[in-house]
Each structure stands twice: as structure tokens, then as C-alpha cells.
């Protein structure tokens, strides 16, 4: 394998390339941009799944029908539609569905053969003028080719299962296969670990008689009847009592965490109190090995040792043991203090800090060892109940247990999105992290128990446990064979790290998105009326031409707006950036023509063929699928151990592991062993345990761009892009209109870009009929009636200097908010009346029927037309919203029409 690095390029060079590309596009299309030289217009399509994609489609159709208002020197007829003038297109998640569809239409020769850069662009804009979109008919020769892409989108509202039950069964089969495969890979390491633990116990029982006696006694006690007859009264009447603790088959492993806690954790905790400065000195002075506290501790240890010896001579073993243990703890504490004090830069304050960190590490290992002992006890106890008890417990079989895991975790995964509806019951008020944490721990224990039962079954040869096996050489041989086999299988599966992506649901999700949206711009699907044409017009049938490589999509001759595809690189383990690690838990990764950027640092793609699938360049459909990976183990700032465990064990994994070429392996010695021998399991462990290292590992975990910022505006507001006007389709699920995505954006750009984002509240008529401040949208509950007219927000972005001085407006943002406005068409109003959450239905709903799809599309088109035109015939000049808007933009913000 050739180790390659992505080439970092300067921000100046990256933005210079973007500017050159935009100028070339304008020249190709003959655009004398109304914004003037060096100023850019941008369009942002937010996340929100198919809800966002369909509403944004309507917005695009509204923008292609509207033109900038006339000026004194140019009439509206001299202008191109507004949609032509956008230099940038920034998309997140569902916005990327329709955004990739739009930009892929610009690829010459894709929709229509032999098209040029200019003609392909003209055809692309013409596609959006088809209003209303028709439907795909089996006779593919009916209608022109430019009418069919939108009809294709209409037909694929159920893009995850376009052909109904057959596709659902296919998806279920794929999900089952991947789920079983995932747990096989996890199981190889678990079986290796549990069988190794059992092997150590068997070896100890074989070589040490006292250990064998303990193992036999523990087994005999658990095999004995848990009922005991005791006398209830002096007359001799007896009754039976049930002692539940006799059902437990205690593991001898409990001795290990007990010894570790007594001999390591406690002494390190005590050693902290031996570190102090001399009288009159500060905490910044160098620490000393011999202090008053250490000398006193040595004397205490000696005294305790002598007392213990005396008690032993007096035949008092218990006091002798207690005194000896305390003495050993004090002696070890002195040793820890002395050993850690020998550092040149060691001050009292630093020494205390290091001892505290060491104590936390020791405590963590004590808990891990205790957890292993509990797991070992649970596994052998359950197996003994299944195989060794008469009746009742036979129902606790492995298939039933695994089925229970699947059902519980799938229910847990679906619960996350239900929070979007607002709290209605006490359960809805419980934090998702708490629910997910509990579910994740239960699932982990259940999975470990399932594999532990397999180890027990192999260890006891499929029969009940018996004392004759304890300490026998044959028992040791069986366990050694199981351990070696499991380690070998784990090593083999670790050789194919591409498994971690192939076993997820991203492959299904991304391919269905590719067919549904990029397939809509593939002109070959609309050729011919034969049986072949019938198959080509089915989204269930894959077409190689649906997909586009990065170099095709961003080729210089493609005159599309510069598309920024936003994803999130999950980061939960980065001590160098506490804000990222603890709060954001991710960084923005944007796909660009020259390559990609991570949090403002630009790179080119490494151009070297590599052996593993997750090291190959991602195609556009894969990037769009990754940008829309909303439900997965890495959720950006919502990531927690519980959600990662719960979703990961259910294999609800839509994210992508990708080698960017910019990362490097900074794992320590134990991590290096895992990467070298068990690469697949190592990265799966990172994913399940929410340990995402960003660029501190060679592979990065990417997920939904909305896990960092959902509106798509974050990248557009970078000052270097010189965007003076941005239009946003804000489609994040927001049933109470609290504008949470906008608030998150305002915080991020204030901190990262030194941009202050404010919402304008004063609007002259007729703009006040359409524009409002975000607070005027808010509802107390989902049952509150919607406002009758307002559907847009005007935001002002101002740069802030290092001294805190706020500058002039640099960017004007017009944000369109999905809202059931009063002048929506009658079918849209009826759909809202029968679906109270419309147009803010949960993102988990990814299956749109005809009425739902058309309602969102038409609402988006209606809102865009209300803001930007064209105005309805007979509209009075004083009610002309588009004209008033363009006049305001030119007069107050110097945005030329």
C-alpha cells in the first residue's frame, strides 16, 4: 500500500480558483451580473430529507419564473430569471438531493446528447420551467426530454422503495445480512476475549489446587437448590425460603478488580495527599520526594506492619490481614509519590495534576475489570440456568435473546426523531441522551451475553456444567482451541476494513438517492418506448450512467453554480480543541471543485489508487448520501456514548468512513496494535463507543452536514467568498418555528467568521405582508394556528473587527420559511387541514405519496413567487412585493438589480 497525503493548498489559492470558475461560468452564459464586479449571489438549500428537497424544488421553480425588477436603464425583459444569477449553491442533506439534480443537468451531453456547456445550461434551466411537473409514462416517447426530469422526481417520492413491497423486502434482506455480518465481526473479538478469560481461569485451576477448590465450591453452590427449610416457630413448624443469591454462579475474576482497586487505585488516590510544598513556599516550587507527609507515611506503614505481625502471632488472622493491607496501601502510596516526583519540570501543582490523572486512569481500569467480572458471572449464571435447571429457563435461548435486541434497538432508533414533534407525554420530556444511554448499555450487555453463552456452550461441550471439567487438561485444550480460532477469525476479518462501510446502510441509502435524483438528469433513462425503455424508467433498476465522478461533476466546462456539498467530520476526541471535542463534536467538511476543505483548511484529493474501498474517491451520489446521513452513530453535537451504542448495535449506520489523505495515525502503542492486527474491529469500536478522532487517525467518520450547521449558509458567509446576497430555503424540521438552525448559524459565524447576524424587524408596506422577525413566527404548540401571510425573514450580516466594532452590512440574507400561508392553493390548504404537522413533518418520514409531494412542491413555489414574483395580473403598484424588495435591496444595501 502506498501511503499518500492530500496536498494542502492556501485559502487564497482556493478562493482564487473559485472566483475564476465563477467568472468563466458568467462568460459562458453571457451574464452581466447585476451584483457588479467581484460580488456574488448565492443560494442555500438546507437539510431536512425529502421534505427539504421537495420544498426546495418548488422554490427553484419559483426563482426560474421570476426576474429582477426593472430599473431606469433596463426593463425586466432584459433580465434573465433570478435562478440564472446564483454563483454559489450550498446544500446540506436533503437540500443536496435537489441541488445535485440541478447541477448534474449542466453536465454537457448528460440530459441531451452532443450538448455544449451553454446549451446544457439553458436546458437545465428550462427543465425547471415545466410547471406543473408531469408524470413518467411507460411510453417514453411521449413528451420532450426536458419535461421528463421533474416527472421522474415526482414518480420517486418514495425513493427508498420505489416499487413497493419488493423493494421493502430487498431492503429488509440487505439490512438483516449486514446486521448479522456486523455482529459476527464484533463477535470474533468478544469470543476471543471471553474464551481467553475462561482459559486463564482453567489454567489457574489446573495449576493451583486452591483456585480449583474455589471454582468447584462456586459451581456446587449455584447447582444446589436455592430453597432452604428453616424453623418458623418453637413447635417445630418449618417453611421453605428462597435464597436468590444461590442462583448466581460467581466468577473468580472478582479477585482481579478487587486486587487492582486495593493495590493500585487506592494507593494512587492516597499519594495525592503526600504532595505538598514546604512551609512558606508556593505551589509553583519544585516538588520533593522526602516531605513531612512522606516521612510520616513511611513510619505509619512500618507501625502497621509490626502491628499486623503481632496480631498474626496472637492467632488473630482477620485483624492481621486488615492491618497488613492498610500498611501495604500506605507503602505503595509512598512509592507512587516518589516515582512520579522524579521529573525535571515537576512542580507541586503539576505533580498533583498528574497524580489526579493517574488516579482517574486507575479507577477506570478498576471499573473495566469489574465489568468483565460481572459479564463473566452473568454469562455462566445464565448458561447454568438454561442447561442445569429443570424447566422454566429453557426459554432463555440465544435466538430469543438476539430477536429481543433487534426489536428494542430498532424502536430506540426510531424514537430519536419523534422528539421533533414536541413533548406531549412524560416520556417525551425525558432527554434523548438518557434514554439512548440506558438503551445502549442494555444492548451492549445483551450482545456480550449472547456471545458469552456461545463460549460457555463450547466450553461445556453443549451440556450442563460439571465439576469434573474444572482443572482438567482437556478443558484447557478446548478453551485454547476456541481462543486461537476466534483470534484467527478476528485477524482475517480485520484484513478487510472496507467491511465497515459495506456493512452499513449507506450503500442502500446512497444508491437509492443516486437513482432517484441523479437518475433524473440521466437522459438515457428517457430514450425509447420499448421494454428496455420501460426498465430504464424504473428507479429500482440501476444505471451506470446515473452516477457522476467528482471530475465530471466539477469539470471546467460545466456551467452550473459552484456547488458546495456540506458534510460533518465527527470529532469527539481532540484534546487540542476542547470546543470541538466537548460541544461541537464535529467540524465542517465541504466538497469543492478543487477537492475539499475541513474547517477552512483546503486540500486536493490524493490521486493514487489504493487497495481498500473506503480509500477510493467518493462519487457525487456517495457524497450526497453522506451529506444526508442523519441517523447514524456520529451525530455531531448530539453524539453521545448511548446513541452510538444503540444505533450502532442496531446497525442504523448511515455515515461513511473515508480516508481523506489529510489525517495521520496518532494512536498510542495499544492503538497501533489494534490498527495493525484488527483494523475493522478497531474502527467499529471507535464508531460504537463514539470515539471519533478526526485528523488524528487516517480515516475520518463523515455524516450529515446538518450535524454541524443545517441551513447551508455557514460556508457562504466566509468573507473570502464575497457573497452580497444569499437566498436560503430553510427546511429543517421546526414545528414550533423556534428557528433553532438559524440560532446555531448565528453562533457559529460570530465565533468562527467574526460575522454578526441580525434579523430586520421593520418593513414598509407591502414588504410587511411577507417579511417578519423570527419571533413573530413562533407558536406555543403545534396546535396553534399558523400566521396568515408572513413566510420570509431578512437577515443582515456584518463583519466585526478584533476590537468589537461592527461594520456595514456585507451580506443580505433572504430566508424562506415553509409555512401554510393563507393564499396557498386550495389543495395545499386541504392537505394542511388533514395533516396538522405540514409543512414541518418529521424528517424520519422519507416516503412521500403523490399528495404529500405535490403539497410541499407547490408550497415552495408559492412562497418563492410571493417574495420574488412574478406578481399576479391586476396587482396594484403599492402591493407589488417583488418591486418593493428590489428597491429596498438597491437603496439600503447597494445590491444592484
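Residue numbering: from 1, along the chain as shown.
For all residues, glycine too, the Cβ spot is worked out from N, Cα and C.
Curation does not apply to TrEMBL; its annotations are automatic.
Here is what TrEMBL records for this protein:
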- 1-21: region 'Disordered' (REGION)
- 524-546: region 'Disordered' (REGION)
- 184-204: transmembrane segment (TRANSMEM)
- 247-275: transmembrane segment (TRANSMEM)
- 287-309: transmembrane segment (TRANSMEM)
- 321-342: transmembrane segment (TRANSMEM)
- 354-375: transmembrane segment (TRANSMEM)
- 391-409: transmembrane segment (TRANSMEM)
- 430-454: transmembrane segment (TRANSMEM)
- 474-502: transmembrane segment (TRANSMEM)
Seg_contact(the transmembrane segment (430-454), the transmembrane segment (287-309)) with at least 3 CB pairs under 8 angstroms, min sep 6: no
Proximity of the transmembrane segment (184-204) to the transmembrane segment (287-309), 3+ C-beta pairs under 8 angstroms: no
Residue distribution over DSSP helix, strand and coil in the region 'Disordered' (1-21): 11 helix, 2 strand, 8 coil
The transmembrane segment (321-342) touching the transmembrane segment (354-375) per 3+ Cβ pairs under 8 Å rule: yes
Same-chain residues at least 6 beyond the ends of the transmembrane segment (321-342) whose Cβ lies under 8 Å from its Cβ atoms: 262-264, 266-268, 270-271, 274-275, 287-289, 294, 297-298, 300-305, 307-308, 311, 351, 354-355, 358
Long-range Cβ neighbours of the transmembrane segment (247-275) (under 8 Å; 6 or more residues past either end): 197, 201, 204, 211, 214-215, 218-219, 221-222, 226, 287, 291, 293-294, 297, 325, 328-330, 332-337, 340-341, 348, 351-352, 355-356, 358-359, 362-363, 365-367, 369-370, 372-373, 376-377, 380-381, 384-385, 465
Tertiary contacts of the transmembrane segment (474-502), as residues 6+ beyond its ends and Cβ separation under 8 Å: 178, 181, 184-185, 188-189, 191-192, 195-196, 198-199, 202-203, 206, 455, 458-459, 461, 612-614, 656-657, 677-684, 687, 699
